[in-house]
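Q: One structure is given below, represented as structure tokens, and several questions about it will come after.
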């Protein structure tokens, strides 16, 4: 029908009228028909299935991806687009010259000398065209690379800015650190890829498509119209592929985020994981999360194969139609052979360009899906954004705070009411203490004052103004906060204190450090205030971190001070002086103090007793104790009784429970094992990493388990690639036949058309099989690499995790990016490489058979083509590593800021974080322009050589014909085949940047996989019938991250089997280092650590740790249920054993009071539980393990008085006949220990039982006891 219509139009209407008619018929009718057909297939009235919603909803428009382009970016994009369009249009222009040369070469039989002269002239025109291509391709690559980097940097900043301004409730229920790392590491990289080179490539191919058709219409419009009728079919195939791909990509991303969250959490709690030998369990959970990506990845491979196969199938069918229709055009004398042939070539190349644009369209589809959660977060409205626009700022702050009928439940648990119409008045300038049991709601008061949450009803007033109407940043600027678990950032001590006041002077910083009693330990550090504290302050002891946090609050000089167990992590000596400093700071300020230990709040102006979300008593210390039946008096008696039971000779209260953490500081809980490490900085001259050399053989050895998929995919890729030179051969054969008689032409064209139809079916089959095989192999590779990397990471010693490049955020980022890019290089790019390899091999075989002389000349030009791309590759290699490192540091900062979101919000540090983040992005942004310029120039040079070689080939072909060494037929066929080869080589070499990135990622992967942990069992000997004798003999020890700071020198310690040993002393004296050495988190530099008389270096590491139970000062829980967290102690335990452990740890009662009981999710790092609840779950976990050796690091520190008494009794029962090492600041908790060792400066300065040590009135133990006695009521 279409063919008849074309001839009818060509005979009765001029082109200007007939072309619009045909275009209308081509694009209206089929499209409408298809639309109706699709509508008919959709059942009316039925709600869309959930699966379809997932496919269609998570995407943004293509234009929205460019939301961050400014005027300079618009200029760059305009110039880059102009360059891409000129570059793309150059191929159709080349075929105009080529068509003229065909006619000239055809005249060579009649006028050989004139023909040679004219061929030389047109060959020179090819050189001029090559120069234009050089500059346009340079402009294309340089501009798009630079603007892509710029826009991605702005998107990263906007995403982090929005994330930091979110309501805190979002982080309790939806957002996680893993999700942020995934978005910044992976999703924005996907968007950046689409915004930079992919847009340039797309415009390049689309301009080639448009130019090809435009030139075709001006030459022989009938041929172009026939081809145009195929376009809707190609577009439909591409559209269906894109539609299905979006849903699959979104699902794969969701699975990757879940896996990333598991990895980030496990690495962050690596000490707990290794202590409980939970490495294999963590790997199993990680693998299970990745298995969904494997399932959806296989479907994505099938979809891609069918999509690309369908498009190429349609293209082959269109070539069959074109070859036949062109012969009819020539036969009817509508156009000559040369003109018809070049028109056909232009249209074919235009059609091919659509196929070549398919990967770019695929990149846009991925970018639209990846950008959806990014833009959703950026555009999400929050209280912070609203208050910045409409919130008021008070001219003066007196500090009067009032809770008026405040009702509140946490968004993550709306069915648990915390406050029901709470009324509380906090007078201006007064100190108000909140006391009560764990979980009573004390810390929630602080959360509401800080406006981390909004009350459901009622109001919180500041000086009579509802704080919900105030500017939230201004409000938080008036408040100073010290949390129970101090959140520090991975920078220097000075920078951490500056979070309190960004423009503080050196004198103000020093004064704050003096007031908080931090100046002494800071001055003892080799780098003083410039000491790096490590990720979340991991290089400092708990007491040191707390003092820096107090310094940060002091330097802020706030009108309102909120203290949540501010001195809980300090030793007795420091606590007294810090408490005195805080007493001075609190004068004249409205202060809210949350405390369990009543001795710290007896001087408060007002004490409010909180019980189950109600204020049950209110008054000062004297008034409250005057009521013997009151709640406060009961709490006081309970503490005194607990103290007297432990130590009747000293009438004091030494309990140190922390407050409830219902306000949930989302900081990474870390053990205090590193308490004596002063800095994470590497010693001078240390080599941070060794470059890993990766051979191609080793690279592909990673896919050896899937060799069957690889072989099958490779064969199909070869077949798919080899079809292109065969197509070129068929087309050139058609050209030659156009100059024969009509009968001969019909015979040849029929054969060629049938071959093309067969090729279309083969193409569909091989593309589908190829992408199914490579898709499956890619997902299996990604799963295997991620699993092996994760396992290898967890095998490393704890000292490795202390290094600045191995923080949890950075390692999670590497797992995310390295494996994905490895899949890209080994699988995605391999399909193109293998196809092009099949193409090149087939092309050269055919070309050498047809005309070896011409083939050799063309082959001689290839080194010039390749050299341009090699230069580009070498240049990119020089900068790739630095950029990857810069992004890793930026990702670490982003992850850290989100995990410490409450501290960031409380100190209004959002802008400071963004400034630091922008600083980390500065280097890649600066170098992007330079990289783009040089990469573009080298790319342009290689393109120049490719097109110049065409001119050389045609000139040499005419010379061979002139000398009678070749005929017209062989020259045309050879030239057509070699054109296809050159295009394929250009495409292959254009992959150099991607191959380079992949090579760097592979090196990064093998760097982790090949690293041998420095702590391994020298033999596989296991301990049986462990009684528990521990001995440290002649131990010398320094932390690997700071070898110049000696912790122990010739240290000796013996813990007898079944006995308890308590380690006491000031913060930083070496107590927690003993636990680290027993667990073999570190090895001594000299001396031995022995259990049962055996050097633990010679024992199997996991077997050793199975006999050791651990309860840390800061409990580390996992984002699963309470039941699963307790079960972590013994995976094979029964339900009754889990419940019994919880009962012994005094956790059963609060667990059963929760709506979901043991199935309650604890949240990321236990964020949904209070501090006391987290600690009891951790104790239950240790009880369930039933170890021979028990290590307690302030195990009851987070409990209220009543819970502590019961839990201490449970621990006493657990410690019976079990070797126990207890680390404690509060001496009341270790009175019953068989032996007490007093540590000072890494030495045991006194040792004995409590009864013996208190007799020595001048001894260090008695001094510590006396100091604590003075601090009690």
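Positions of Cβ are set from backbone N, Cα and C atoms, glycine also.
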Q: Looking at the candidate ranges 832-852, 853-873, 874-894, 895-915, report the one that Swiss-Prot labels transmembrane segment.
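A: Based on what Swiss-Prot states, transmembrane segment spans 832-852.
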Q: Which range, 42-62, 126-146, does Swiss-Prot list as transmembrane segment?
A: 126-146
Q: Match it up for me: which of 689-709, 752-772, 773-793, 794-814 does Swiss-Prot list as transmembrane segment?
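A: The listed stretch tagged transmembrane segment in Swiss-Prot is 752-772.
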Q: Would you count the other CB atoms within 10 A of the CB of residue 1217 (N-linked glycosylation site), including those on all shown protein chains?
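A: Other Cβ atoms found within 10 Å: 12.
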Q: What's the number of neighbouring CB atoms sitting within 10 A of the CB on residue 1066 (ATP 2 binding site)?
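A: Around the Cβ of residue 1066 (ATP 2 binding site), 22 other Cβ atoms lie within 10 Å.
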Q: By a Cβ-Cβ criterion of under 8 Å, what residues six or more beyond either terminus of the transmembrane segment (345-365) are in contact with it?
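A: Beyond its ends, the transmembrane segment (345-365) has Cβ neighbours at 62, 65, 88, 91-92, 95, 98, 190, 193-194, 198-199, 201-202, 205-206, 208-213, 215-216, 219, 223-224, 227, 230-231, 234, 238, 242, 245-246, 249, 304, 307-308, 311-312, 315, 318-319, 322, 731, 987.
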Q: To what whole number does the mean pLDDT across the domain 'ABC transporter 2' (1030-1266) round?
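A: Residues in the domain 'ABC transporter 2' (1030-1266) carry a mean pLDDT of 83 in this prediction.
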Q: Pick from 466, 806, 1072: which of these recorded positions has the biggest number of other Cβ atoms within 10 Å of its Cβ?
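A: Neighbour-count leader: 1072.
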Q: Of all the binding-site residues here, 439, 441, 1070, which one's CB has the most other CB atoms within 10 A?
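A: Ranked by Cβ atoms within 10 Å, first place goes to 441.
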Q: Report, as numbers and ranges, every residue of the chain located at least six residues beyond the transmembrane segment (305-325) whose Cβ falls under 8 Å of a Cβ in that stretch; write 'none' if there are none.
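A: Distant contacts of the transmembrane segment (305-325): 3, 222-223, 226-227, 230, 233-234, 237-238, 240-242, 244-245, 344, 347-348, 351-352, 354-355, 358, 720, 723, 727, 730-731, 734, 749-750, 752-754, 756-757, 759-761, 763-772, 775.
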Q: Neighbour count, 10 Å Cβ-Cβ cut-off, for residue 1069 (ATP 2 binding site): what number do you get?
A: 23
Q: By the DSSP assignment reduced to helix, strand and coil, which category contains residue 441 (ATP 1 binding site)?
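A: Residue 441 (ATP 1 binding site) sits in coil per DSSP, no helix or strand.
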Q: Between residue 466 (N-linked glycosylation site) and residue 443 (ATP 1 binding site), how many Å separate their Cα atoms?
A: 20
Q: Going by Cα-Cα distance, which of the recorded positions (806, 1067, 1069, 1071) sits nearest to residue 442 (ATP 1 binding site)?
A: 1067
Q: Of all the binding-site residues given, namely 436, 441, 1065, 1067, 1072, which is spatially nearest to residue 1256 (N-linked glycosylation site) at the Cα level?
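A: In terms of Cα distance, residue 1256 (N-linked glycosylation site) lies closest to 1065.
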Q: Taking the Cβ of each of the recorded positions and counting other Cβ atoms inside 10 Å, which one has the highest number: 1067, 1256?
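A: Of 1067, 1256, the one with the most crowded Cβ is 1067.
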